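Undergrad: What follows is a single structure, and I will ask about it in a moment.
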């Protein structure tokens, strides 16, 4: 252009064809096309000549689309076609074109065009983008016009039509394009000149149609249909296409050559030539629906042709040629995988193709992601969303049955689904649009086959609440790249008012292109008309958002007299609040306090009953603003429904309530615990849904630890650990044997028994002779009630004392009370067979946690943007019961409140607590069906209360999260039985006492002060009256008498079952729906369960109101059938019967039967029964099948499945089995059970589980030592293959011969002991053994000399090790197995949390503590301990030579480190030390200590080296020093010590203990060296500052008792939390 345009050629990948000059002009076009269709190898060229005048010759690719014209036109010759193309030259130059808008088609001439400068800013204009210039206006693609833009010739001037017309300009010349994507970003200066719009060729096989580009107003443009109810807005200087892709030319720079910005979704392209003044050419191609289009016949070598409607200029008038469509079978491209192909999921990269990439003519993305990482992210995201990671759930089978029934579609679907879920999990705070998944918002004929699958999966995930859930919004905390190129709603204060979400299409995709600005009221039938002169806002908002804005609302007020009046609601500038309309959702999101206070304020002003109607908008009324109601309302509103929430309280949240006024800090008086914060992918357990909102808000969680010390109120001391562990194991066994008891006594009888009866019966069977245990005493005289416990057994407890002493009874009662806390009911009222029916679902994954700042922050965030009416006590709900009447009725439900207001809607969702339904506070008309009332009556609703105490200081053990207290009386066992230490959560000394069971039901019999006094009495008994100050503030709850809850949460009462949860949640007449925790059988009594039911019912309402199908009911039926297919108790009965059959047969038959059942057991109860039988088998028999790789894999699956609720007993038995069958470390590694034990079992909350795990680790370590000893000998046999040249060289050495004679016999003898079946050794092998033995003998002699010389040296004072050495300590701690030789009693662990009870009996516990952290990875292909001595030879010797400096209690180092590290065979990559390594070690040892070879070393055997004492000989029999440090080096105490040395010794003990705590985060690189040193210094200094002279004289273990260790651990944890950098959750 301007005579300076460079030649442009077709780049690789483009498919632009050119007619040859010598083509036969008389040849029919159809035959010509047929010939060109098969000339795929021919390369066409486009040449551009620069002369005095602009000349361009370009052939543009375009598929022909038939619109109804006969096929005769294809017989036109090329000559006639060229003649018609030329037409009237004057008409072309004058820019005559044909224009079509949504109202009609008009012809526009030059006289009708106006310059851009004169155009009205508020009109939709069309601009001609000319060369050497750019437009400063916004460009918009509107496919509805169906027109094309073409380039004017250089003589034409910029002009624009009126806003009612869209101009189409054609040109004789067309320009080619380069298929190159711009990658750099910068600003393009926009001039006043118009930028020329030109149609460009996009060489894509699925290119289709055209998109009209117009200019929008200066501020905003409207996308979508002209009559759309929702408008979308974008900042100026944006070019947008129909698929939702935006191009911001203001922020993008173009390279010096011609480039194209290509929309991968709809093939929208923008062409720019920087060499000509930055002109931008924009074009998109769509399906052939346009009635005005130029002829462009460009065949794709692998595609078929379609005819397009063409518009030809003829004497200044547009003409249209409609050509028939030629339909032929598509040929598959060789480089593409189509829908249904097996490799579809492997080549699908649609979710990773979000950035600009070079286009090479293929639809596949050029980005190859990290497959394994993306797959893991997708699977974790699927589990987090509540789906299965690698299989299809029942809901997917029902909804997507058409998609899944194709061959190979399951795997394709899973890949697609997990990819979309993983994409959203990377930023859960924003709404993921479908366009970011690589497809357009709507289907098209020429899109990839996978696009329909992606769109269908996205629609399913979005509508079912698996993505874009919680409080996600368009403007998330970290917006995606597609949302960073522009600002939404320029000029608006988004931080003050963000717009609500509205579904923009039936695809269920909201906010793909932008935020909703207004809901256009184009229909005259709408009764609510809102007038706003300045802004088009919808709904009624608070005065903060409607200042100086007047509005008029005409609506029908429904009152007691059923009068209809017209009301003008004018905004008063002095008014503080304005009531929101109940039947329109609020568009704005003001502060929650303002939103809620507005409803209360206007209720007092009598303006609270103004329902507004919008035609064709479904209205849903939600009763209750708890977690379930808010979650449902939010999902319904985002899907385009009008939602009104009615709440009886003056606040939102329901039973979630954070008190911010009674104490100095906010405290949760209702729900307070998130019952699972992490997705457990192996067991497919999702986290609590409230965690999603916490992540979206960035809330900080306080993770709870499982250790709960138990105090006895009678003695005022801790319950002995041995007794506590024994009784806890006994109680867990009783709980797990409940299912067996049910099978034993029969279901009919068991259904009439309570859980307490079953536990007492099981306890008697364990403690009493069988002839004295009578089941008839249980369950017959019982009578449950709603208020407390009834029956003779709670009145007379003397019969229980026959087999339990008083202390045991108090401890057992505490465990009973803890179970009552889980059920919120007395055990006498809980069903025996169904009390834990939710165990089948496993609960939520991850540890429990509390929210800093309170749980109300979650529900308050859910309430933002919703139309909530507070203080609305619902009294009556009327619904249409007749189906025929329902079809004729405009409104199906009517909700009335106590103040006379009524609300009409299409559906009502009842989320009130079960206690309110039991109390019948809401009257239903007609009454609820009998089956609904039966479930309401049968299910139980329990009570849990709290006594919150705030103290001036902390007097309890602040390192624990909770502690228990026994009760003297059985009836009062649940009163203040547990105290929650919430100091680290709330930041103040606060304890929360729990009141459950009978004490909670009799709660009202005492006053608030009496409850506080009782809690204080218990605390003073536990900690001493003088140490417990009076509380500075207190709060007492009483949920049982709350008129809006009547309790805490639900439980399965006697006579009920888990199916009652489903029955309670079923809808009535498809217009009355129920949600809440009492309708969630999977997760009852949890906030997460309530939120899940809210989404469930919202989805059900959407399905019924839109399609009339209740897919949720189908899912429940399918799941019920699946549960019956694997009946729990039927499997137990089958196991028992089969074992009874072979009881009298031979032993081998029984063992074979157990083996078969071991590999086929499916249920937890069946596995538990089988595990008990397996433990009775002989060890070798059990090891023969359970110790193999397959058997260990089965045990691994059992352990993973037992990590859910109430699986402790099965887990305990599995670990016992592992202790007995472990004999092959290789099989252990291959099965994956080592990792499971390390990550799951070692971190288990149960103390007895950790104690058993310690025994298992001992077994593994012993087995490892034996295997290593054997491998050392066997590895020497292989040395000749790698060191042949070196061996031959040394064979000729006389030293080698002599060394061989010294030890060859011993070596052979040792080899024969371990390898009886080995072949005779060759001469070279013997030489290797001789060399190694010689080196060993020399090293032992040197070590012995060093040891004897060291004994004679004067003792030195211990030195406080430098922190640099402590940071390096892990090197010599890893050198060999000497650290692992230190055994510890297996029954010591379990007193406290792994490291809490380190005393003289378990001083070797460091081995156990380090093992799960990083010392032994049993899943690796090699045991990494073999490699621990490899990293640095020099560092190893320095560490060993100065090892005594690193021991806080020693004056003489344990010489086993010296002999074990290099003398023993092991530690190299091949499992042995060669002579070079030994020589190197000797030279380094001599360099470190010149007297090394002049000393004698006292060598002890392996077991003695575990605790060897290297002090002076005269002290040989002195008592061994107490050890509690990381070094674990044993020393003899000196007879004379001063306070300085004692202080150093204590300080060293503290340093060692702190090092043990910091080693794990340091090795995990969560803290660096500086933080390590800083925490070490601070901790040691603080501890020693508070140490008295009397304490300095104590032994280390006496000084570091459990209480002091807990304080140190808590201090270290706080320091680590302070310094550790917490990574952002991708969410995960």
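Glycine too: its Cβ is placed from the backbone N, Cα and C atoms.
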Undergrad: With Swiss-Prot as the source, which of 1130-1176, 1177-1223, 1224-1270, 1271-1317 is set down as region 'Disordered'?
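TA: Swiss-Prot lists region 'Disordered' for residues 1271-1317.
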Undergrad: Between the binding-site residues 649, 655, whose Cβ has more other Cβ atoms within 10 Å than any of the rest?
TA: 655
Undergrad: Summarise the model's confidence over the domain 'SWIRM' (378-478) as a mean pLDDT value.
TA: 88
Undergrad: How many other Cβ atoms sit within 10 Å of the Cβ of residue 647 (FAD binding site)?
TA: 28
Undergrad: DSSP helix, strand and coil counts for the domain 'SWIRM' (378-478)?
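TA: Split into helix, strand and coil, the domain 'SWIRM' (378-478) gives 54 helix, 2 strand, 45 coil.
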Undergrad: Rounded to a whole number, what is the top Cα to Cα distance in Å among the residues the record ties to FAD, namely 647, 649, 655, 1077?
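TA: Between the most distant Cα atoms of the FAD site, 19 Å.
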Undergrad: Where does residue 1077 (FAD binding site) sit in DSSP terms: helix, strand, or coil?
TA: helix
Undergrad: How many other Cβ atoms are found within 10 Å of the Cβ atom of residue 1077 (FAD binding site), counting all protein chains shown?
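TA: Residue 1077 (FAD binding site) is surrounded by 29 other Cβ atoms within 10 Å.
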Undergrad: Three states by DSSP: which one describes residue 655 (FAD binding site)?
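TA: For residue 655 (FAD binding site) - judged by DSSP and reduced to three states - the answer is coil.
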